[in-house]
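Feature annotations, courtesy of Swiss-Prot:
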type: DISULFID; residues: Cys95-Cys185; note: disulfide bond
type: CARBOHYD; residues: Asn4; note: N-linked glycosylation site
type: LIPID; residues: Cys350; note: S-palmitoyl cysteine
type: TOPO_DOM; residues: 1-22; note: topological domain 'Extracellular'
type: TOPO_DOM; residues: 49-59; note: topological domain 'Cytoplasmic'
type: TOPO_DOM; residues: 87-95; note: topological domain 'Extracellular'
type: TOPO_DOM; residues: 119-137; note: topological domain 'Cytoplasmic'
type: TOPO_DOM; residues: 163-191; note: topological domain 'Extracellular'
type: TOPO_DOM; residues: 218-271; note: topological domain 'Cytoplasmic'
type: TOPO_DOM; residues: 299-315; note: topological domain 'Extracellular'
type: TOPO_DOM; residues: 341-451; note: topological domain 'Cytoplasmic'
Amino acid sequence: MTFNITSMDEDVLLTERESSFRVLTGCFLSVLILSTLLGNTLVCAAVIRFRHLRSKVTNFFVISLAVSDLLVAVLVMPWKAVAEIAGFWPFGTFCNIWVAFDIMCSTASILNLCVISVDRYWAISSPFRYERKMTPKVAFIMIGVAWTLSVLISFIPVQLNWHKAKTTSFFDLNITLHDRTMDNCDSSLNRTYAISSSLISFYIPVAIMIVTYTRIYRIAAKQIRRISALERAAVHAKNCQNSTSNRNSLDCQQPESSLKTSFKRETKVLKTLSVIMGVFVCCWLPFFILNCIVPFCDPSLTTSGTEPFCISSTTFDVFVWFGWANSSLNPIIYAFNADFRKAFSNLLGCYRLCPTSNNIIETVSINNNGAVVYSCQQEPKGSIPNECNLVYLIPHAIICPEDEVLKKEDESGLSKSLEKMSPAFSGILDYDADVSLEKINPITQNGQPKT
């Protein structure tokens, strides 16, 4: 009798612990879903509301990414969250459609990240050709290819049952071994589909992203050194001119501050690109490794413990949520540059409460003789540019002299901000809270802006 009472107490305690764990899981997943919805909805609303954001072709890719992540938060995450809390799949035959949505939306998100990396590499490596060739039509074709691939590897195989393994799945056996008689929507993939879909959805895109961002860093670092050399030469010439007039040869020396600035800029670029790739890889790599390994598990050997790669369905689900969490981080990484931050502040009605610092805008003009003329001005807080035909500066243009930038920042009390190099960096290289926007304006032969 005492044994029965003790057993009942243990069962009640386990039930309470399981209920508490499910409540905590539900709260965490709800926060994740809401943050994904809010971030990506803000991105879409900002582009719809402000015309200057729609005028930049590179933002088309950001919008496509936001839409795919928004679909993850609407069509994929809530249904799985309910199943996690309930402990079983309560939606019956909707499982196959949900699996197709899961594969399609996740693949679309990853392929859009890949397209963004290609777009920004093209803008950095061939800026003049990019300005001519990257039209809205080309952008829509690239986006269309990404979404078409996502649909082809999701709905067609799933609806035709090409994706399922013919043998008893490891996860199904795992549920049976634990005496759990519940509806289950953990679809077991066959080996061919698991490997081929993983290649298209992750491994090929991540390889492309690694190559493009590595080359972007090399080009950016090289250009930063060129600009630093021009700055040092200009300051050196100015010092020598002043020392000649003052007859003081000690003032005519190479400045060291520009070298430090160049190193800091390169480090900042490297950190930013590392964050982009690091977040993406950390979120998705564990899942896709398991996605390729699990189909090779032999269910008949799981009881003997001789299968080292077979894992529980709970562990697999944790890494699935890690991948989906990437959709909540993408708006922060790709759409939190100065333009989008100001748009978000205006949409939320907090442009007076949310401090947005003044931006030093470097306007670079090229006259008919090929000479580069530049000027600097500050943009007031909370303002949204009215121009719709902004053309971002290529990385070969000359920026404002360092001492002039520092002088303006001393007057406004702002910290030092680094310059964006091209449209490829418009969404990712937001160096500090204050960023500089660059554009090319055609000017007349005498050096005056064309009206």
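Cβ atoms here come from the backbone N, Cα and C positions, even for glycine.
These figures come from a predicted structure and were not determined experimentally.
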### Summary
Secondary structure split (DSSP) over the topological domain 'Cytoplasmic' (49-59) reads 7 helix, 0 strand, 4 coil
### Query
Looking only at Cβ atoms, how many others are within 10 Å of the one on Cys95 (disulfide bond)?
18
### Task
Determine the most Cβ-crowded residue among the recorded positions Cys185, Cys350, using a 10 Å radius around each Cβ and all protein chains in the structure.
Cys185
### Message
Helix, strand or coil for the residue listed as 'S-palmitoyl cysteine'? Use DSSP.
### Response
coil
